[in-house]
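Engineer: Once you've had a glance at the structure underneath, I'll fire off some questions.
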């Protein structure tokens, strides 16, 4: 817009702002990865460059720390959450975006309210419930909790996507004699697919990153998720920073790859969820 | 609350539906309407069941627990009704008023203020950059966002680790601190300053990406028209940019407020944050420690209810904003 009138301030200010942003955003990421690769992780202190490159911390977390099992547990829980939350939230989003019915606004408000419920308030009663039903230490139990956690946001975001599909397109399908399910499969589903991808990623990341429930419910070390598994390398007084950062890298990098792949959809999804509200 | 909801419903419906009856399809539509009455509820049922069973029911349970002394016995728990005892104890404790609540509130205010301000600045910056630099910066922002709370927290701890941490060593070499004796994590101020850095780093990308999406919906023609009318850059910003992104801005502020009041993982994982240091309790950690470390489920539940009520108040503001905005859109 005002690119034509490049003032001196803008010519200096813009690169400085970009550099500051890149430094703040990326330095912690860089520090994590370079510590993970540095064989002398603990004594590196203020050296910006690692003293060498080695994968010894990575092999350590797999061989001594059983991190492969934790990653597998996280993946199982994550994909379970995607599947269940994706299907459930799509149904619900279609209901609130497409049909008019009594209490529709009430349902929407309830969905918003549960989004704010603090996990710390739920973890006590859910722990007791899970214990009473013998679901502690169960990946299925954890998955069910994560489905519930990711549903409100998924419904809200998908609702925005369903609303952007013009009603005329659907009506045209009806006039051509299509049944509702036919219309759903061949008209609505392909059009909201990007939204479904975005919400699936969110559901997956919710499950992948979650700490409180996994930490509280999973007490057998073979049932840890990756986010909790890092905790065992972290000591109160002496911490093995190499393994902590290596396992942190293993947890973070898949999420980063996802984010970069879907970043376009992410922005529009959030805007649809926020603005269409 | 229900009255306003039902009252708001039809108004919304009347505007976003076109007249449904076309004479030639009346019969078909009537049948469809009958099915249509049940269909939304069938579609909603699974989600509502999951939400009710795993969020609503536990919320009721936590309310009930907060009025009980709950003792774990072999094979189950036994609750003894104690009325509002836990609440009077909690609200009468100096720890709540001197430590827990100030920590929670000041931390949330600092995080929200910094997150929204930084996120908005980054969005404005991204909007001014050319496509290549915008992509590079967006990816950096996404990288910060993608860092899970757990791993992000460990990195910030590692940076500020006494003696070995990078920041401690640099500050030591500059003579600002004695790296052998300084521990940033034992005192409330530095502890929460590091937590704030962590939460802002994790939270500003959401604001930046959302505000950027809002900025990109502003047609370029508006700015050109403004320029033709003789508005300078400052005036164009206040008259065109701000009004357009105001709704997005409000939503991200309120959402950040909700999130930052209930920060748990980032505090709990920091040295001393797991209950070892009472100075740094916030409401969520306090509730968790009471329940799971001290086996005092009743007090923990009461603190959890307190946190929920606090967030409920904020959420009401959030919902009112959203729905007011929805009406303006139509």
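Placed from the backbone N, Cα and C atoms, the Cβ positions cover glycine too.
Pulled these features from TrEMBL for this protein:
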COMPBIAS  B:10-23  compositional bias 'Basic and acidic residues'
DOMAIN    B:101-318  domain 'ABC transmembrane type-1'
REGION    B:1-23  region 'Disordered'
TRANSMEM  B:41-60  transmembrane segment
TRANSMEM  B:105-126  transmembrane segment
TRANSMEM  B:133-159  transmembrane segment
TRANSMEM  B:191-216  transmembrane segment
TRANSMEM  B:237-259  transmembrane segment
TRANSMEM  B:301-323  transmembrane segment
Engineer: Six or more residues out from either end of the transmembrane segment (B:105-126), which same-chain residues have a Cβ under 8 Å from its Cβ atoms?
Structural biologist: 134, 137-138, 141, 192, 195-196, 199-200, 203-212, 214-215, 249, 252-253, 256-257, 260-261, 263, 282
Engineer: Which stretch from B:133-159, B:191-216, B:301-323 shares the most C-beta pairs under 8 Å with the transmembrane segment (B:237-259)?
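Structural biologist: Counting Cβ pairs under 8 Å, the winner is B:191-216.
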Engineer: Are there residues at least six beyond either end of the transmembrane segment (B:301-323) with Cβ under 8 Å to its Cβ atoms? List them, or say none.
Structural biologist: 8, 59, 62-63, 65-66, 68, 70, 86-87, 89-90, 100, 104, 250-251, 254-255, 257-258, 261-262, 283-284, 286-287, 290-291
